[in-house]
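Going by Swiss-Prot, these are the annotated features:
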- Cys9, Cys12, Cys28, Cys32: Zn(2+) binding site (BINDING)
- 44-65: region 'Disordered' (REGION)
- 54-65: compositional bias 'Acidic residues' (COMPBIAS)
Amino acid sequence: MSETITVNCPTCGKTVVWGEISPFRPFCSKRCQLIDLGEWAAEEKRIPSSSDLSESDDWSEEPKQ
């Protein structure tokens, strides 16, 4: 027997079946998938880090020789 696994859409919270029946998983639809992508592109979402890359001593506009 196989159990039906369900998750909540991260955008709208709707229940989504985790399987081939849901091609946009974990999202419920292409719309929710694109909303999430837009939030990442607009930098509304980010992965936390311990330091800011722009303040790093290793960051430079010029390539090292």
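Using N, Cα and C of the backbone, Cβ positions are placed for all residues, glycine too.
Owing to the predicted nature of the structure, the values given are computational and were not obtained by experimental measurement.
Taking the mean position of the Cβ atoms of Cys9, Cys12, Cys28, Cys32 as the Zn(2+) site, the remaining same-chain residues with a Cβ inside 8 Å of that point are Pro10, Thr11, Gly13, Lys14, Val16, Phe27, Ser29, Arg31. Under a cutoff of 8 A between CB atoms, and with a sequence separation of 6+ in the same chain, the neighbours of Cys12 (Zn(2+) binding site) are Cys28, Cys32.
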